[in-house]
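Undergrad: First the structure, which I've put down as structure tokens, then a few questions once you've had a look.
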Amino acid sequence: MLHQMMKAKLHRATISAADLNYEGSLTIDTDLLKASGIRPYERIYVYNVNNGERFETYAIEGEAGSGAIQLNGAAARKGMIGDFLIIVTYALCSDDEVDEHRPNVVLLNPDNTIKEIVK
């Protein structure tokens, strides 16, 4: 049996920009992608702490060190600059893998710098 387990999480990312006319996705600072293990173009689940919106899209790379968390395309309607997001990916684990699996959790400061990495 396969179990869907949390693979990575960016906790309390702050929306820094939104571009309704961009073709879609969520731009994330490359440093945050690397720290969390989220890959460019990977499906992400996004939970807006401020308004309760929940949606899925895909991650694209933003400039390293920029703190970019930018809603693009239709997702730009799902939050406002300054809102806090939880960004999550999931992976399938077999029965043999599930007990040893640990997600990468990156806790963020309000300026999208890394506060702590929990593994």
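The backbone N, Cα and C atoms fix where each Cβ goes, glycine too.
Feature annotation from Swiss-Prot assigns active site, schiff-base intermediate with substrate to S25. Annotated active site, proton donor per Swiss-Prot: Y58, in sequence order, evidence recorded as sequence analysis. According to Swiss-Prot, the feature substrate binding site maps to T57, G73, A74, A75, an assignment based on sequence analysis. The annotation pyruvic acid (Ser) is assigned in Swiss-Prot to S25.
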Undergrad: Which ones in the same chain are close to A74 (substrate binding site), with CB under 8 Å and 6+ residues apart in sequence?
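TA: Result: L20, G24.
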Undergrad: Between T57 (substrate binding site) and S25 (active site, schiff-base intermediate with substrate), how far is it from one CA atom to the other, in Å?
TA: 5
Undergrad: Enumerate the residues of the same chain, T57, G73, A74, A75 excluded, that satisfy the criterion Cβ within 8 A of the mean position of the Cβ atoms of the recorded substrate site; list them in sequence order.
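TA: Here the nearby residues are G24, S25, L26, F55, L71, N72, A76, R77, K78.
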Undergrad: In Å, rounded, how far does the Cα of G73 (substrate binding site) sit from the Cα of S25 (active site, schiff-base intermediate with substrate)?
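TA: Here the two Cα atoms lie 7 Å apart.
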Undergrad: I need the CA-to-CA distance for A75 (substrate binding site) versus the residue listed as 'active site, schiff-base intermediate with substrate', whole Å please.
TA: 7
Undergrad: Just to verify a number: CA distance, S25 (active site, schiff-base intermediate with substrate) to Y58 (active site, proton donor), in angstrom, no decimals.
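TA: That comes out at 5 Å between the alpha carbons.
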